[in-house]
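Look at Swiss-Prot and you will find Cys380 tagged as active site, nucleophile. Among the features that Swiss-Prot reports, active site is placed at His513, Glu515, with the record citing sequence analysis. The UTP binding site annotation in Swiss-Prot covers Ser13, Lys186, Thr187, Lys188, Pro189, Thr190, Gln191, Lys222. The CTP binding site annotation in Swiss-Prot covers Ser13, Asp146, Ile147, Glu148, Lys186, Thr187, Lys188, Pro189, Thr190, Gln191, Lys222. Positions annotated as ATP binding site by Swiss-Prot: Ser14, Leu15, Gly16, Lys17, Gly18, Leu19, Asp71. The annotation Mg(2+) binding site is assigned in Swiss-Prot to Asp71, Glu139 on the grounds of sequence analysis. What Swiss-Prot records for Gly353, Tyr381, Gly382, Met383, Gln384, Glu404, Arg468 is L-glutamine binding site. Residues or ranges marked as domain 'Glutamine amidotransferase type-1' in Swiss-Prot (evidence: sequence analysis): 291-538. Annotation source Swiss-Prot lists region 'Amidoligase domain' at 1-265.
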Amino acid sequence: MARYIFVTGGVVSSLGKGLSSASLAYLLQSRGYKVRIRKLDPYLNVDPGTMSPFQHGEVFVTDDGAETDLDLGHYERFSGVSAKKSDNITTGKIYSDVLRKERKGEYLGKTVQVIPHITDRIKQFIKHDSSKEDFVICEIGGIVGDIESLPFVEAIRQFANDVGKKNALFIHLTLVPYLKASDEIKTKPTQHSVKELRSIGIQPDIIICRSERPIPLDHRKKISLFCNVDIKNVIETVDVRTIYEAPMSFFKEKLDLQVLNYFKLKSKKPANLNPWKKITKIILHNKKQVNIAIIGKYVELKDAYKSLDEALTHGGIDNKVKVNLVRIDSEKLKISEIKKKLKNISGILIPGGFGKRGTDGKIEAIKHARLNKIPFLGICYGMQMAIIEFARNQLNLKNATSSEFDKKGLPIIGLINEWTKDGKKIKGTDKDLGGTMRLGSYDAKLKDNSKISKIYKSKLIKERHRHRYEVNIAFKDKFEKKGMIFSGLSPDNKLPEIIELKNHPWFIGVQFHPEFKSRPLAPHPLFSSFIKAAKNHK
């Protein structure tokens, strides 16, 4: 039977519940246990797929096509276990399921209520497909006290009673702030947060205290006394220089051992933190550096490209070089400033995106990379912009465009049901935004002796997609005659998945999102190759 660990947050949000959960998962795995991590999000959206990146950050896509919270990216990168649709649930999804059943009459005329119908559905989600796991870690989004999170907190309280307290552990992550003016660390916010949690019926078993400074023993004793938690279970987590130090920080505090002690379990093997020590050393102490420009319209919010940032870091780890990310807002990028802004850049990356805003800046940056032989990687929308730039400037198709933002031009890029084999437009169908995506993992076959096949060292790959628009295969021959090779296609040869320039040191565009599959201990080959090219660029 699986044992369940529930991670809640208090005082403020964005304290690092996801990273803490992911770090704990790795530590338990390193002790010989199977672990799965799940996220319970209290917002009313069915999923984050249609939410603005400024509101929610990155949308992380799983192999089976779920649009999920970015924390699932942390889970995968730290644990090495691929997430599933069943690992992320939202209030919107829960209510949709319950209301659908009500409309079908499955509740036999009963009054549908938060308790028991909503809470029962949450408990079903927690327990689903968990029988083969040793531990299931469930992170509850938001903080204790939020109105939105109340059904989830009530559900996990009930769940602990259902499975027995010996099979359920509550971890509460709180902020222990440092006041510079008085040079003091304050424990009162943590005390009040735990008081709030206890008022709902949950007594935390472990408290993780996030602070920018080490917490004195007297303060930890105070938290132990007022929150009714053993002093050994008051865990300190001080701000680290890189997130990859987090597992080592929790290992030092013996978080994993305290969890095993609670469940009366022993370590199956010694924990091995050497891989993490190695990569943090490369990140923090490597003198060799490369500057990579990320040109997009969501660069103001770091979380908007979280997996991408991490994948580039992984590429740096593999090449033993520090990667400096230079974020450039494509909406504000003027043609006259491109040369100046990209002067000391060793590689240019255009990430995924949607809509017309910022397209001109992206296209001009791609042109600069192509003409000046600067290593270039275009991801999803970035590949489509590279196609448009090449069509306009090399194929002389001046009206080449995407039907996503221009319905009058030549649709080099369009919805798959908007064009036919001869490239002519046909009428598409209107659907909900959330239901028209090509989502999840798909196969692609690679061209023999192409740059991309040498990078992957394979003829067939499987990568994750998240897009509505595709490159029109009807233009393939025209592009290849001018030197842009369609080096990756869908197995049926209908959908271009990868393009590369013949007469360029490193110019690749991919329709998928390779960043979702990169991990610190197993960097994605595409990012390793890109950083290597940037490292060698002069």
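Keep in mind that glycine also has a Cβ here, set from the backbone N, Cα and C atoms.
Swiss-Prot feature annotations superimposed on the structure.
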residue: Ser14; record: ATP binding site; contacts (Cβ under 8 Å, 6+ apart): none
residue: Gly18; record: ATP binding site; contacts (Cβ under 8 Å, 6+ apart): Lys39, Asp69, Leu70, Asp71, His74, Tyr75, Glu139
residue: Ile147; record: CTP binding site; contacts (Cβ under 8 Å, 6+ apart): none
residue: Pro189; record: UTP binding site; contacts (Cβ under 8 Å, 6+ apart): Gly10, Val11, Thr174, Leu175, Val176, Pro177
residue: Gln191; record: UTP binding site; contacts (Cβ under 8 Å, 6+ apart): Ile223, Phe226, Cys227
residue: Tyr381; record: L-glutamine binding site; contacts (Cβ under 8 Å, 6+ apart): Ile350, Pro351, Gly352, Gly353, Phe354, His467
residue: Gln384; record: L-glutamine binding site; contacts (Cβ under 8 Å, 6+ apart): Gly378, Ser402, Ile413, Tyr469, Val471, Gly509, Gln511
residue: Glu515; record: active site; contacts (Cβ under 8 Å, 6+ apart): Ser307, Leu308, Glu310, Ala311, Ile379, His524, Phe527
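In the structure shown, the C-beta of His513 has more C-beta neighbours within 10 angstroms than that of any other entry among the recorded positions Lys188, Lys222, His513.
Here the Cβ of Gly353 (L-glutamine binding site) has 23 other Cβ atoms within 10 Å, regardless of which shown protein chain they belong to.
Among the recorded positions listed (Leu15, Lys17, Cys380, His513), Leu15 has its Cα nearest to the Cα of Thr187 (UTP binding site). Of the recorded positions Leu15, Leu19, Cys380, Met383, Met383 has the largest number of other Cβ atoms within 10 Å of its own Cβ. Here the binding-site residues are Asp71, Glu139, Glu404, and the one whose Cβ sees the fewest other Cβ atoms within 10 Å is Glu404. DSSP assigns Glu404 (L-glutamine binding site) to coil, not to a helix or a strand. Note: the CA-CA distance between Ser13 (UTP binding site) and Cys380 (active site, nucleophile) rounds to 31 Å.
Following the DSSP three-state reduction, the secondary structure of Glu139 (Mg(2+) binding site) is strand. Take the CB of Gly382 (L-glutamine binding site) and look out to 10 A: across all protein chains shown you find 26 other CB atoms.
Mapped onto three states, the DSSP output places Leu15 (ATP binding site) in coil. Here His513 (active site) is positioned 11 angstrom away from Met383 (L-glutamine binding site), judged by their C-alpha atoms.
In the three-state DSSP classification, Thr187 (UTP binding site) falls within coil. Taking the mean position of the Cβ atoms of Gly353, Tyr381, Gly382, Met383, Gln384, Glu404, Arg468 as the L-glutamine site, the remaining residues of that chain whose Cβ falls within 8 Å of it are Gly352, Phe354, Cys380, Met385, Ser402, Ile413, His467, Tyr469.
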